[in-house]
Each structure stands twice: as C-alpha cells, then as structure tokens.
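Here is the structure we will look at, set down as structure tokens.
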Amino acid sequence: MASNNVAQFAAELKMPAGVLLEQLQAAGVQKASEDDALSEADKARLLDHLRKSHGATDGDKRKITLTRKHTSEIKQSDATGKARTIQVEVRKKRTFVKRDDVSDVAEQGQAQVAEADDDAELKRREEEARREAALLEKQAQELRERQERLEREEAERRAREEAAEAERRRAEEEAAAKRAAAEAAAAQQAAQQAAAAQQAAAPADSAQDEARAAAERAAQREAAKKAEDAAREAAEKARAEQEEIRKRREAAEAEARAIREMMNTPRKAVVKAVEPPKPAEPAKPAEAKGTLHKPAKPEGAQARPAAKKPAAAPAATPAPAGAGDRNKKPGGGKGGWQDDAAKRRGIKTRGDSSGGVDRGWRGGPKGRGRHQDNASSFQAPTEPIVREVHVPETISVADLAHKMAIKASEVIKVMMKMGQMVTINQVLDQETAMIVVEELGHRALAAKLDDPEALLVEGETGSDAEQLPRPPVVTVMGHVDHGKTSLLDYIRRAKVAAGEAGGITQHIGAYHVETPRGVVTFLDTPGHEAFTAMRARGAKATDIVILVVAADDGVMPQTKEAISHAKAGGVPIVVAINKIDKPEANPDRVKQELVAEGVVPEEYGGDSPFVPVSAKTGAGIDDLLENVLLQAEVLELKAPVEAPAKGIVIEAKLDKGKGPVATMLVQSGTLSRGDIVLAGTAYGRVRAMLDENGKPTKEAGPSIPVEIQGLSEVPAAGEEVIVLPDERKAREIALFRQGKFRDVKLAKQQAAKLESMLEQMGEGEVQNLPLIIKADVQGSQEALVQSLLKLSTDEVRVQIVHSAVGGISESDVNLATASKAVIIGFNTRADAQARKLAEANGIDIRYYNIIYDAVDEVKAAMSGMLAPEKREVVTGMVEVRQVFKVPKVGTVAGCMVTDGIVKRSSSVRVLRNNVVIFTGELESLKRFKDDVKEVKQGFECGMSVKNFNDILEGDQFEVFEVTEVARTL
C-alpha cells in the first residue's frame with residue numbers, strides 16, 4: 001500500500017511521526033501535522049537532505065560484493081557400508097550496486113528483503129545443523145549410558161561368580177585338609193593299637209622287637225606326613241587351576257567387550273579397548289631396498305620367527321590391542337579395519353610384498369603356512385545387535401537388508417517362510433517390510449521422509465489475511481426426477497434441464513446467482529444412484545443443502561442418501577417440497593416421511609425450514625431464497641480475499657483443443673490468471689479462466705466457480721486446489737505424489753497377487769467381460785465404472801481394463817485388441833484412425849449419452865454369457881403291454897401311448913410301481929415294422945430303451961424333452 005500522508009510514511013519507516021516532521025521541515029518541506037499529504041517530490045527532497053547531512057556524495061555508481069562461505073560435514077556410506085565424512089562448502093556471492101535515482105528505492109528494498117531472506121535461510125540451516133548435532137550427541141550419550149550399564153551388569157555378574165568360586169575353593173580346601181588329618185589320625189591309631197597288642201602279648205620282648213617297633217612307628221609317621229603333603233599339593237594345584245580359568249575368562253570377557261566397543265563406536269574415532277605399554281623407540285632403520293623379484297622385507301616380517309613360538313599367556317592380552325599392533329603401519333594413523341584393504345591395493349609381485357598378511361604368488365610351501373590370520377583364534381560369543389530400522393512407505397528388498405546390516409538372501413528366506421516369493425529388487429510396502437524387520441529381531445519404525453507436502457501445511461498456518469464475508473455455497477440434492485435442475489433453472493432464469501441427455505443431470509453444475517440480498521453459489525448434483533461419489537463431493541464443498549423432495553413421490557433412496565451426506569458433513573438442510581402444483585401432491589405425507597429420517601421441520605420444533613415450491617409456476621421460490629440467505633447469515637461465512645486461492649475440483653475433463661480442463665470452486669483467497677496451481681498430481685499455470693457462462697474472467701474470489709485451463713494432466717474430482725508461489729515447488733510436490741502413489745500401488749498389487757491366485761483357483765471357471773471406458777468428464781467416468789462393477793456376479797465378472805477421460809484413440813483400440821475388450825464411449829467419440837483400426841480388428845465400440853442405457857446393455861451382454869438353464873418338459877406317458885425278447889437286439893416293449901406324444905429323439909424314464917428305476921434314451925421307435933418319428937396318444941408302438949433290458953409288463957415310460965432357457969441377471 002502506498003504511503004500518502006506523514007503518519008503512514010512514518011509507520012512505513014518505523015519511526016515516530018514527530019521525528020519525521022522535524023526532518024521534513026529541516027529539508028525544506030513544510031508539513032504541519034501527521035495527516036498532511038506527501039508527494040514523491042517531497043520524499044525525494046527529504047532523501048537528498050538526509051544524504052547530504054550524513055556526508056553522502058554524488059559520485060559515480062559504486063558496487064559492493066559480499067562473499068559468504070559456509071562449511072559443513074556430512075556422513076555418506078559407500079558401497080561397502082563404511083561411513084565416510086565429506087566436507088561440504090557452500091559459497092554465496094552477492095553484488096549490491098548503489099544508485100542515486102529515487103526510483104531505485106523500491107529495488108533497494110527488494111534487495112534488502114532478498115538479503116533478509118538469505119539470512120533467514122542461513123539461520124534456518126544453522127538451526128537444522130544444531131538440531132542434527134544435538135540429536136547425534138543425544139544418541140551418543142544414550143549409547144554411552146547403555147554401554148556403561150552393560151559393563152556395570154557384567155562387573156556385578158563377574159563379582160558374584162568370583163565370590164561363589166572362592167567359596168567353593170575354600171570348601172574344597174577344608175574338605176581336603178579334613179581328609180588328610182583323618183588319614184593321619186587313623187594311621188597313628190593303628191600303630192598305637194599294634195604296639196599295645198604287642199606289649200600285651202609279650203611284655204618282656206627283647207631289644208630286637210623294640211627296634212622293629214620303633215622302625216614301624218617311624219614308617220607310619222613318614223606315611224602320614226606324605227599323605228598330608230599330597231593333600232596340600234592337590235589343594236594348591238586345584239587353586240592354581242581355578243586361578244588360571246578365572247584369568248582366561250577375564251581375558252575373553254575383556255576381548256569381547258573391546259570388540260563390542262569397537263563395533264558400537266562411531267566410525268570417525270577408533271576406540272582402543274586396552275592401551276598397550278609403549279615400547280622403546282627402535283633406531284631408525286636404513287632405507288629398505290629390493291629388486292623386482294625380491295622385494296624389500298617389511299617390518300612385520302622381521303618378527304615372524306619369534307611370532308611362531310607359543311606365548312606364555314595367549315589370552316591375557318585383549319585381541320583388539322594385539323591385532324592393532326600386528327597390523328599397524330610404520331606411519332600408521334588408521335585402525336586395523338582398513339589396513340588389509342590398503343595392503344591389497346599394492347602391486348602384486350612374485351615376492352610376498354604384504355609381509356605375509358596376504359598371500360601373493362608365493363604363499364609358502366605348496367600354499368601353506370605363510371598366511372597367518374589377523375583375527376584371534378578365540379571367537380567370543382557376542383549378543384545380537386538390535387537396530388532401529390526406519391521403514392519408508394515403499395522399500396526394496398536390497399535396501400531393507402542394507403538397513404539391517406544383513407545379506408539380502410536372509411530377507412528373501414524370511415519372506416519365503418512367510419509364504420511370499422520375492423527378488424532382491426522387488427519393492428515391498430511399508431506394512432510387509434515392518435513385519436519382516438520385526439521377524440528378524442529388530443525394531444521397525446515408520447519413517448517420515450522429506451515430504452515436500454509438509455511445506456503446504458506450514459504455509460496454511462501462516463495465513464493472517466483479513467477475513468471478509470463471502471457468499472454461501474448451496475448444494476441442491478435429492479432423488480432423480482424430483483425437479484432439482486428445473487428448480488435451479490427457474491432461479492437462474494435459464495434452461496439447462498432440456499440440454500442434459502435424457503432430461504437427467506449427469507454432471508455437477510456450478511453457478512452463482514445474484515439476488516437482491518446478495519450472491520448465492522449453487523451446485524446441482526445428479527440424483528441417479530450411480531453418482532454417489534459426485535453427491536459426496538457436493539456435500540463436502542457446501543455450506544447449505546437444499547433437499548428437493550417431490551410432493552407426489554415422497555422420500556426415495558437417493559433422498560435418504562442425500563440426508564446422510566448432509567448430516568455427515570454437518571451441513572444445515574433447507575427442504576424444498578417441489579411439484580405442489582400437481583393434483584396428487586401430498587406435502588403432509590412428505591413431512592411425516594422426512595421426520596422418520598431425522599429431518600424435523602421448524603413448525604414441529606426442529607431446525608430445518610420446509611418450503612413448498614413449484615419449479616414450473618415459480619411459487620415459493622422467493623421464500624426458499626429467503627430461508628437460504630437467513631441460514632447463511634446465521635453461519636457468518638467468512639474467508640480471506642487478499643490471499644492465495646484455495647479450492648476444490650468439482651469436475652475435470654480432457655478437451656481436444658484446450659487440453660485438461662478443471663471446474664473448481666474457490667473456497668478462500670482470490671484466483672487470478674497466471675497463478676501457479678497444484679491439484680493432486682496435476683500442476684500448471686492458469687492460462688485461461690472461464691465463468692459458468694463460458695465468458696473469460698481475470699480473477700475469481702471466494703465461493704465463485706470457474707473453469708481453469710493449463711494443468712499438466714486431468715486432476716481427480718474432489719482434489720484440493722492450492723496456489724503456490726513457485727512452479728518448481730509445485731512440480732516437485734506433484735512428482736512426489738505421483739511416485740508415492742505409483743510405488744504404493746505396485747507394492748499393494750504385488751502383495752495381493754498370491755491371494756488373488758488362490759481365490760481364482762477356488763472359484764473355478766468364471767466368465768469375464770473386459771471393458772474399456774472413455775467418458776467426457778471425470779465424474780461420469782467414475783460413476784459408470786462403479787455402476788458396471790456392481791453388476792458382477794459369481795459366474796460373470798465385469799473387468800475394467802482401462803478407464804480415462806477424453807476421446808477414443810488408437811491406443812485404446814490397440815489395448816482392446818490385446819485384451820479382447822469392448823470399448824464404451826460416454827459422451828465421447830472415436831477419431832478417424834481409431835474407427836478404421838477398430839473395423840480392421842473387429843473391435844466393438846459402443847456410444848452412450850445416458851447412463852441407464854450403458855448399464856442396461858452391459859447387463860444384457862452379461863446375461864448372454866451366463867450358462868443356460870436346463871428344463872425338462874414331459875411330453876407323454878406310455879404303458880408296456882407286452883415284452884418281446886429279440887436276438888441280437890435285446891428286449892422290445894409293445895406299448896400303448898396313454899397320454900401326450902412320443903418322439904424318436906426324446907428321453908425316457910422307466911417307472912415301476914410309480915418309482916423311477918432308470919433314466920435314459922430311446923433306442924428305437926417302431927409302428928408295426930416301420931421306424932417312425934413320433935407316435936400320438938391312443939396308438940400302439942414298439943420301443944426299446946438304450947442300455948436297459950429289464951422291462952416287465954405293466955411298467956410305464958415317462959417321455960420328456962430337455963430344453964435350454966436363457967438366464968438373466
């Protein structure tokens with residue numbers, strides 16, 4: 001908005017009005033109050049004065065170049081799965097040219113705004129980087145806490161095990177000591193008993209006996225001492241073995257813990273589990289020299305003979321530290337994970353240039369012995385790593401396996417166990433992929449990708465335009481032939497109903513009418529049952545519903561459906577009881593039926609106005625409009641006008657000359673010619689806008705229906721239309737929606753293939769009627785497809801091969817030839833090439849303009865595909881009077897026709913005592929010796945039955961014929 005006085009200019013400059021008045025007076029512009037008008041010349045004088053007062057000179061044009069550099073890091077995984085850090089540097093260069101013309105003030109303002117936008121973008125990126133860094137820090141903190149918790153639990157478990165082991169060893173030592181003491185005591189007691197016995201037997205032995213006894217006592221003491229020493233040695237040996245086992249277990253646990261830490265630590269920093277003691281620095285070796293056949297011996301090869309000797313305690317040193325020392329390069333700075341790959345990149349000569357790590361042409365005697373594995377011979381058991389896998393809406397099998405850090409074959413095996421055969425490149429839907437992730441023991445999270453549609457939601461919340469009153473959108477709904485369009489025509493003073501094929505509405509008509517009390521927008525919906533989706537769209541976009549009910553017909557099925565649509569949308573209903581000019585009209589009955597459906601008139605204490613009208617004479621039309629506008633006032637309908645437009649697609653079609661054309665209802669904002677619009681998967685610039693009368697218009701405000709041209713494709717009816725400032729952003733969102741829809745659709749189809757195959761196997765033989773449907777508008781095509789699919793039965797099924805909007809082309813005929821389909825054109829025609837191709841290939845093309853006719857003819861075609869029904873008709877009764885046995889012929893019955901007529905081609909049932917004993921065919925029918933075609937009632941004949949000779953006198957033959965009767969749906 002231009003600033004026309006001092007106060008507005010001060011507000012624009014964000015400074016007090018008094019200060020601005022002082023500056024104006026100093027510049028020679030005489031302004032006394034804040035309401036004085038300002039001209040462009042006054043502003044120019046003020047600008048010159050300010051420049052001079054601040055020391056600005058009128059020199060040549062100058063320019064300033066600003067260069068901004070922003071450096072960041074990103075982590076990218078390569079094909080092997082290793083993460084690499086990549087430095088990203090973003091450089092921005094902007095040049096500002098200083099001009100002296102007053103007319104360039106606006107351009108400078110725009111440059112400042114652009115710079116502010118760049119600053120805001122930079123701040124936003126910095127904020128995102130900070131958030132990402134905080135998230136990474138939080139994840140690292142959680143990882144550290146989890147690792148500390150695991151180590152704490154491991155230490156507690158180890159302490160408990162050590163305490164139990166010490167207690168067990170102490171108990172064993174005590175038991176061994178007790179056993180040794182008991183053995184010594186027993187030996188001593190035995191010796192004493194023997195000595196006592198000897199003394200008792202011979203109290204006066206000689207000195208020789210005493211010497212022998214002393215020797216025996218010494219031997220016993222020696223034996224007791226040896227037993228005690230043996231027990232002590234056994235206890236010490238057991239204690240040493242337990243200590244050795246404990247040391248080995250601790251070493252294995254330390255090794256496993258170091259491996260876990262190395263695997264869980266981020267790749268940019270290699271964590272060393274145990275820091276080995278630094279050896280003394282050796283003297284700098286001389287420069288290694290070698291020839292082509294005998295390369296220089298690396299440092300690792302010098303210590304090879306010593307490495308072959310067994311170590312004193314191989315498990316005492318943790319594996320990662322030892323492996324790191326073994327694989328370390330002379331200038332090493334990288335961990336052992338990448339050393340092998342670096343060594344393999346060297347030129348392979350005939351000598352072992354890798355120091356024995358990788359076998360070259362000379363690997364040792366007969367390929368043995370020289371190679372020594374980097375990994376430790378002890379493989380400690382590690383607990384499985386549970387990963388959080390973010391699963392997008394669609395993901396291939398290979399990508400899913402990569403996210404879980406497993407081979408794709410493992411995923412394929414799991415899918416096979418679940419009963420689904422997949423390939424490595426097959427796309428899975430989100431639900432199936434999450435089941436697979438959970439099956440493999442990981443946590444599955446539904447991922448939210450970088451959805452460009454999120455920007456649309458952010459843009460919606462930021463709209464703060466002024467809300468102004470808008471016209472109401474009124475939808476006319478009701479049963480077919482109840483007079484909706486005729487009522488609307490009387491209001492519009494036009495004749496539309498006569499122009500619709502068959503006199504019924506088959507499109508949504510959108511019109512706006514100017515009444516003395518304001519503008520009203522009307523939506524006329526079809527009443528035929530096939531147009532349920534159209535009526536639902538009409539109720540979605542409306543503010544008030546006019547429910548038209550014929551006074552002579554009452555509440556019908558589509559009337560009930562319209563009531564349910566209005567109630568589902570929470571839309572107030574105004575009931576118009578039409579055709580009151582007819583003699584059989586009964587408005588009271590209509591009211592009672594509507595009360596039963598939950599629509600209570602105001603006179604009964606409800607909230608729905610009931611207005612009796614006549615679309616033929618015009619009676620009650622003014623009262624109807626009065627009630628509609630009264631409801632609109634109660635609703636206080638408002639919408640922003642000075643804002644980007646938003647609306648809904650009411651109808652869409654493909655015009656041969658104009659391309660995709662969409663009828664949309666603007667719900668808020670103002671739509672102008674040249675705006676960039678996005679409608680579902682379609683986008684484009686509005687090249688032309690027409691009102692409902694076909695006249696060009698430049699803009700359309702809230703609640704105004706318009707027809708727009710310039711979209712990239714035909715949008716689906718009911719899609720939301722939104723105006724975007726940038727065509728690039730519109731294209732990005734449209735392509736994102738297309739890819740998302742296509743991927744999800746393919747994944748769902750793939751998941752349903754096996755189930756559909758099993759269904760078809762169980763159903764057996766089912767007849768299919770393939771159809772290709774081309775219609776003039778999206779709504780008609782949708783309604784026709786739904787109506788035809790409802791005709792499917794268990795025996796005959798309608799198969800819609802393809803349905804689209806537009807004329808019938810050669811590609812449609814080619815598709816019909818390949819699928820053996822019938823082409824149905826609804827208000828469309830085939831071009832010359834398509835007609836010629838259809839005649840050459842024998843393709844049937846049917847044209848319709850009334851939906852009744854299309855449904856009826858398809859129903860008749862399906863009836864013709866049904867298997868005919870077989871019916872039996874009894875034509876006569878025959879009584880057996882005499883039986884003859886004829887050689888080489890069999891049994892022949894002499895019969896009398898008692899009722900009806902017997903034909904040679906008829907079937908027969910043999911009745912004995914009124915019980916059927918055989919059903920078959922006549923083999924011969926003779927009268928005297930002549931073969932005859934038929935025998936009438938009251939005549940005798942001879943008959944023989946095929947494959948049946950057990951005929952007795954008194955039997956009866958029931959003669960019948962089988963006829964086929966065509967079935968109907």
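Start at 1 and count along the chain as shown; that gives each residue its number.
Glycine residues also receive a Cβ, built from the backbone N, Cα and C atoms like all the rest.
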Swiss-Prot annotation (region 'G2') - matching range among 503-507, 603-607, 653-657: 503-507
Around the Cβ of I580 (GTP binding site), the count of other Cβ atoms that are within 10 Å: 20
DSSP-derived structure type at D481 (GTP binding site), helix or strand or else coil: coil
Mean predicted confidence [pLDDT] for the region 'G3' (524-527): 62
Secondary-structure category, per DSSP, in which I580 (GTP binding site) falls: coil
Number of other Cβ atoms within 10 Å of the Cβ of K484 (GTP binding site) across all protein chains: 31
